[in-house]
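Here's what TrEMBL has on this protein:
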DOMAIN    38-286  domain 'G-protein coupled receptors family 1 profile'
TRANSMEM  20-45  transmembrane segment
TRANSMEM  57-75  transmembrane segment
TRANSMEM  95-116  transmembrane segment
TRANSMEM  136-160  transmembrane segment
TRANSMEM  195-222  transmembrane segment
TRANSMEM  234-257  transmembrane segment
TRANSMEM  269-288  transmembrane segment
């Protein structure tokens, strides 16, 4: 009853070792620059008239989400690497958590939509243009954003109904659900069950739908007589599957056990993967493994 409610938090950052701060700062600056450059380049390339397919429209949206995710997390992290005052206001923490959850959930649903697009393209090529028309693509993206917003509002509101009465130090480099609930002085057992349910809904359910789509896709690929066509189709789909696997592995390990005894440093590394590393790799994965994108990229450059 005598607890003092917190008005701000302190982010511990990537590392507490002073000798690493400048090295981490320049490394993350480089990674962030690559993220912006690569994803902006993908956005520019995919508006080319020869890349008017729905796949490239979804890829452009994915790049915008990656830019947004990195921009929500990395600039604040860079400031904290050099600043003595690493505090973040209560409102700032709420805003950052909402943005991170919204972008992550939206991206998961978008990856599921991209898998459906590939399923239609491979399994129903003659009906592809009719099924995946502009209206359907825009509706799918809007549905992904609305679903991500609902998930983020519920999760953020639930987290910040908890009582935070000290300590105010978050052993993380941004405001995320697992480190925040570890600071709560209230009983979080119900919330831990809820976050596990949300993880199943946001990550594992789309992942299962993606796997189902790819099972149908692989079955159709094996029926293609031309080895060159099989290789081209499988190469395009494997790029998407690579991204999905990276997201699923890092996300589930963080959120399925939100208050586990696992090392917080391990969770930092996993969070770093899905907030900074994957957004940097996405342009490389999709451009280097896609002949059409490479050809347009060469012309643009």
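Each position is counted from 1, following the chain as shown.
In case you wondered, yes, glycine gets a Cβ from its N, Cα and C as well.
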(request) Mind pulling out the one from 57-75, 95-116, 136-160, 195-222, 234-257 with the most Cβ pairs under 8 angstroms to the transmembrane segment (20-45)? (result) 57-75
(request) Averaged across the domain 'G-protein coupled receptors family 1 profile' (38-286), what pLDDT does the model get? Just tell me the whole number, please. (result) 85
